[in-house]
Amino acid sequence: MESEREVKVDGETASDSESRTEVAPLVTSADDTPEVLNRALSNLSSRWKNWWVRGILTLAMIAFFFVIIYLGPMVLMMIVMCVQIKCFHEIITIGYNVYHSYDLPWFRTLSWYFLLCVNYFFYGETVTDYFFTLVQREEPLRILSKYHRFISFTLYLIGFCMFVLSLVKKHYRLQFYMFGWTHVTLLIVVTQSHLVIHNLFEGMIWFIVPISCVICNDIMAYMFGFFFGRTPLIKLSPKKTWEGFIGGFFATVLFGLLLSYVMSGYRCFVCPVEYNNDTNSFTVDCEPSDLFRLQEYNIPEVIQSAIGWKIVRMYPFQIHSIALSTFASLIGPFGGFFASGFKRAFKIKDFANTIPGHGGIMDRFDCQYLMATFVNVYIASFIRGPNPSKLIQQFMTLRPDQQLHIFNTLKTHLTDKGMLRDATED
């Protein structure tokens, strides 16, 4: 019968294709802990040894985080770029290690080429948007900006044609798997890291608070789970518990409120990051918006009887921080669960062994990318308005007759609104 026959695809049976694409476990190092820590913690059980290793290296990473914040926005953007490249490398390496026995041509070369194309497109858009005056001042940059999307499309088209030319008989299906692998990786890593840069330009507080909330939730969920965890949360991550999940939520919301209160009082954190054309440097000086000015809020009567307060003074941003910390605690962990499912699919413990006790860079940023997307959507939906400085920059690049037309239109509009006196009345 036809249903019992094996259907052949390009000389390879479907059953053969499926069996060949089964994933073999990847070899990972048994212990990547530094020898100094191994000797110092040799008398402890494996459970407590892991606790101390994770704790010490977590404090080291937090200290490094403080250092790069102190170094300013430019360094932060460079760090985001480095993290993006490393995360992309870890995921692409997994694909290569699984499928390298098939000797697929140009897989890694095309993967890195597409990474270059996508970064050129996204960061070219960012440069044009935030450094408009600088771009218009330099002739080469002005030409690249004018034809940026066409150049980006042409670069991608070259990679697309190279992929088609690399197709090998009997491996068509597998090569399209890897083509999809590369593009999904680009979507997850590059697109979302680009959103991190956009959040940073809105003000460093929109960069620091969300990232800190994810870090706090990760730490506190681990702590509550380590000491009080009894009830498993999800099968994808057997070590995650409901006690850790709930404890991490309350700790993160409280942490977000306190951190937001401290940071809202400093202009260097709340002001948008802008490029100063006169000094050729970034500036973070401005008059803080109402979002970062103390306001008085009436406490509901039900709560008044419990705490004895009638009003509370807080920054409006603290209310937004509740939304950010809630997402970081309740939805953010699903980025980690997604990564756990991915690693289980390929029978690996971690994406890499970059950070002892923590795995690879992607193991630390799986939740951060999801958080960055939420923050960008949140700002666009509830916070961001038209930027006058960008409008003026674009206005100054128009032809004189176009500027005059806009001037007359704006003058007529303001006169009708009663904000300007009509010249005929004088």
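A Cβ is built for glycine as well, from the same backbone N, Cα and C atoms used for every other residue.
What you see is a predicted model, and the numbers here were worked out from it, not measured in a lab.
Per TrEMBL, compositional bias 'Basic and acidic residues' is recorded for 1-21.
TrEMBL lists 1-24 with the feature region 'Disordered'.
According to TrEMBL, the transmembrane segment annotation covers 106-123 (among others).
Summarising the annotation, TrEMBL assigns transmembrane segment to 150-168 (among others).
Residues 21, 77, 80-81, 83-84, 87-88, 91-92, 95, 99, 104, 107, 110-111, 114-115, 118-119, 122-123, 126, 163, 166-168, 207, 368-370, 372-373, 375-376 of the same chain, all 6+ positions outside the transmembrane segment (175-197), place their C-beta atoms under 8 angstroms from a C-beta of that stretch. Annotated transmembrane segment per TrEMBL: 175-197 (among others), in sequence order.
Under the heading transmembrane segment, TrEMBL lists 203-229 (among others).
The transmembrane segment annotation in TrEMBL covers 241-263 (among others).
Annotated transmembrane segment per TrEMBL: 319-339 (among others), in sequence order. Only residues 6 or more beyond the boundaries of the transmembrane segment (319-339), in the same chain, are considered here, and those with a CB under 8 A from a CB of the stretch are 209-210, 213-214, 216-218, 221, 234, 236-237, 240, 245, 248-249, 252-253, 255-257, 259-260, 291, 351, 362-363, 366-371, 374-375, 378, 382-383.
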Remote residues contacting the transmembrane segment (106-123) - C-beta distance under 8 A, at least 6 residues beyond either end: 85, 88, 92, 95-96, 99, 148-149, 151-152, 155-156, 159, 162-163, 166, 175, 178, 182-183, 185-186, 190-191, 194, 197
